[in-house]
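Taken verbatim from TrEMBL:
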- 185-196: compositional bias 'Polar residues' (COMPBIAS)
- 32-143: domain 'Calponin-homology (CH)' (DOMAIN)
- 184-205: region 'Disordered' (REGION)
Amino acid sequence: MATKGVVGMANKGPSYGMSRQVQDKIDSKYDPELEQILVEWITRQCGSGVGRPEPGKMGFQTWLKDGCVLSELINSLFAHDKPVKKIQSSPMAFKQMEQISQFLNAAEKYGVTKTDMFQTVDLWEGKDLAAVQRTLSALGSLAVTKDEGTYNGDPNWFFKKAQENKRDFSDEQMKAGKNVIGLQMGSNKGASQQGMSYGKPRQIL
């Protein structure tokens, strides 16, 4: 009997109770409007060869699940030296996950931060497709911000990321700045700890 239970565990059935609530909450973060923008961008970026998904979350997942469309997308953002060397569709789960993983590594190389990255299972098992959307949005924002001539799409689809703005100040400007800060902080001249009672033993009567 024990072995039968173990076999049953391998097949992921419907979620109930708490796990169902958690999944519903994750699902509610999925944005159908953003899906349309991402599909439009990816098809423009990669060309008609990647096809188009069926509308809706399941279609979106199925379209991206084997990692090939994602790999085409990331390669299209590199003018030279494409990061994903081999893009090959496969019916085997581990090959598909490997392809997704190659996309994630290349996206990180491009500049997407770890906090914006989805996990392979988020896409492959459909655990968190909102996280997949977040990664692709971050990638789009980076492409618009970098403005390297590889972005294909409407620049208004994604927010431009704030870029570092280095300023060079002369020594005189730095000295003047210190005086301003000093005045803003106020003065503590003449302050003392007289009358403070730190560390005095408590009188027990």
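Glycine is treated like the rest: Cβ placed from N, Cα and C.
Residue counts for the domain 'Calponin-homology (CH)' (32-143) under DSSP, split into helix (H, G, I), strand (E, B) and coil, are 76 helix, 0 strand, 36 coil. For the domain 'Calponin-homology (CH)' (32-143), the predicted model reports an average pLDDT of 95.
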